[in-house]
Every structure is written in C-alpha cells, then in structure tokens.
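Undergrad: What Swiss-Prot records for this protein is below:
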- 84-207: domain 'HotDog ACOT-type 1' (DOMAIN)
- 287-399: domain 'HotDog ACOT-type 2' (DOMAIN)
- K101: N6-acetyllysine (MOD_RES)
- 1-21: transit peptide (TRANSIT)
Amino acid sequence: MRRAALRLCTLSKGLLAPSRGLTQESQNPENVFHIREVRDKLREIVGASTNWRDHVKAMEERKLLHSFLAKSQKGLPPRTMKDSYIEVFLPLGSQPELREKYLTVQNTVRFGRILEDLDSLGVLICYMHNKIHSAKMSPLSIVTALVDKIDMCKKNLSPEQDIKFSGHVSWVGKTSMEVKMHMFQLHGNDFSPVLDATFVMVARDSENKGPAFVNPLILESPEEEELFQQGELNKGRRVAFSSTSLLKMAPTAEERTTIHEMFLNTLDPKTISFRSRVLPANSVWMENSKLKSLDICHPQERNIFNRIFGGFLMRKAYELGWATACNFGGSRPFIVAVDDIMFQKPVEVGSLLFLSAQVCFTQGNYIQVRVHSEVASLQDKEHMTTNVFHFTFMSEKEVPLVFPRTYGESMLYLDGQRHFKSMSAPVTLKRNYVVEP
C-alpha cells in the first residue's frame, strides 16, 4: 500500500518532467507568488471586500460583470497549460515568522494548513487560465467542486525548510477544469516532491447562481496531450465509481461474502443464535470509533464569495479525521492519501458545522477514516450534508480490525474498503514510465 502511494506520486512527477516548458514559466514574475499574496490576488481578481460589513456592496458590484460572460465556449480564446502555470513559495525556512501558523506539537507541518493553501492555489490557477486582459475583475466565480486525489510522497514535513507549490490546468470541459498541483520541500539545494494533488474546479456566473463557460485548452506537446488524456480517464473513473456506489447498487458477490464472514465471526460460539454477538480479539466495533465536533462558521472563515472557505472545511475535517485515527490506533498517524471529496453544497456564514468521523476500514497499519459534514442554520434546525471526506492514514504500529454491527455500518465498511483499494489502483496510461522503488 505504501509503495502504491509512492508510485502514484512518482508517476505524476514523471508526467511533468518531460514538459520542461511548464517550469520555465517561473522566470515570469507574474507567475510567482508568496503564499500571502495568493488570497490577496484572488480578492483583487473578483473584487472581494476585505471587511465583512462591505460584503453586500461588493456582491452587488459583481452583478455588473454579467455582460462580460461568454455566450458560448467558441467565443473564448484558447489557452495553453503554460498560461495557467504558477509557483507559490511558502518560505518556512527563510521566514521563520510564518512557522507558527503551520507548526504541530510534533514539530512537523500541519497538513490541514496545506489543504487550505492547495484550495486557494487551485482557484488562482483557474483564474489565470481564464484571465480577461480587458477587464480589471473577472466575471467568473470559480469554486472547488471536487478533490479528486491527493497522494503523499513523504511521511513528515520539516517546519524549518522552504516549501514550493506549482500547478496548472491539465484538462478543460465546457464549464469545469482539472488542476494538477505539486508540492516540494527544500532539501539541500534541491526541492524534493512531497505530494501530488488533483482538484476539479467549476466556473459559475458573476453572482454564483449558474454555470459559466471557460476558455478551451490547446495542447502543445505529446506530454500535454497525455496529461489531458489522463484528465479524461479521471473523469471516466469518477463516473464509473459513482455509478456503482453502494447508495445506488447492491454490493458485489465478493463483498457480500466478506460481510457475511465478518458477521459469522462475531457470533457467540456458546449459543446457537443470530442475536448474540461477541467482538473478536484485537477488534473494535465501528460505532465505538466515532468522534464528533461542532463549529460556528464565523465571517473570518469566509471565501472571496462570502461563503465558508472550502479549505477551512477540509482542514477541520482532516484534523478530526487525524484525531479519530490517533484515538483508534493508539499512536501517531500519518496521512497517506485523500480522495473523492465532493463539495455538494456551499456553507453559509453563520452556519453550525457538524462533523462526524469514524474508522470504517483497517488493514495492517492503515486506517481508513470517513468524515461526514452537515450544516444547519441558526434559524432552521434541518441538517443538510455538505461534504463527505475520505482520508487514508498509516499508523506507527498495527491497528485493530474494525467490525460493523448493522447493515448500514457494513455498507460504510465496504465503501471504506473500496476507497482504500483505489489507492493501489492508479489510472494507468499507455506509456510505461519508470517508477522509483
């Protein structure tokens, strides 16, 4: 499993390596940012207010940008991958005053903060792709639709070494874009790969009420064509995964056998009854692995469109997931992969955010954690699902098995097993790239 995660990271690295033109763009100052400049640049692009009291006025001004929206994609100039390529530096080593925000008690880097930075970076990359030179502000409202996959190459990050992010648009539909992002950390004189991330972003109109067209993408090399093809494969994989969801289809024969065998293993051998259940040795009931949290969504956590920042939601979910894995495994867990985070509904400022995390699958040293996110307004007590997060952690020691007691928990177990197995089954391309051991 660990080798599989590393393979995914080195595979993506191999894809970008032949396309040296993408990295050459870093010589352009307009494509290089300090981490503090990213959010400021986004506010400038959309004309967002810096004060909460002015947010209504700012949103009213954005309505005037509706005339700049294209009627069709054909009316938009095509862009290249180089047009959207940017680099962002997080100088933890050379600017120690930045460390406090990113520091863990174990003297490593907070991965939740990295998720926030990746979310902001992905949005900025898409605005670079759809840049309108004749307009000061963009008429598009670009938001994160899906975190397709994040794969880690390293277990630990040093808070005393500089970090670099890079990324660009790798696939474009009519109103959506796939963004490839990479993170590196300085070791000696070189930046070593830390993670690869694939996000899917969607473009909305200036009022964030309906879809908007994005600039088409021109492919300039065989490597870029392969990146685009991988985007097509990713889209197909997501459709296939969704169509076979346990919310739509019954488990496979193999999965049904797995659940039945687990059920039989929990029957009390002293009685001949389906009602008497006992927990096998070195095991935990799934219902006992839960942790929950509640947050009030204050204006401080808003995004440039005055909804709650998606990176904040990911950070809170990750931190609860990490705590759940730590509590379950009894030792410090390390994040291995993040996948299939669908942003189903925006979270309004002032909402109550309910997070519920539980271990749904384990194998060896690995813990699959599912975090369910719900919101409720202060006026309306109805809860609505906004996100479901899937995190794969690796513990320092072997962890107990987790056993479901109900049919619903059995489905969560199988869903967790599917997400875990997907880590070792990356999308394969025609060309055979050399994979580091």
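Quick reminder: no glycine exception, Cβ is built from N, Cα and C everywhere.
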Undergrad: As a test of the contact definition, list every same-chain residue at least 6 positions from the residue listed as 'N6-acetyllysine' whose Cβ is closer than 8 Å to its Cβ.
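TA: The residue listed as 'N6-acetyllysine' has long-range Cβ partners R110, R113.
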Undergrad: In three-state terms from DSSP, label the residue listed as 'N6-acetyllysine' for me.
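TA: DSSP call for the residue listed as 'N6-acetyllysine': helix.
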Undergrad: In the domain 'HotDog ACOT-type 1' (84-207), how many residues does DSSP call helix, how many strand, and how many coil?
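TA: Counting residues per DSSP class in the domain 'HotDog ACOT-type 1' (84-207), I get 27 helix, 56 strand, 41 coil.
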Undergrad: Over the domain 'HotDog ACOT-type 1' (84-207), what is the model's average pLDDT?
TA: 93
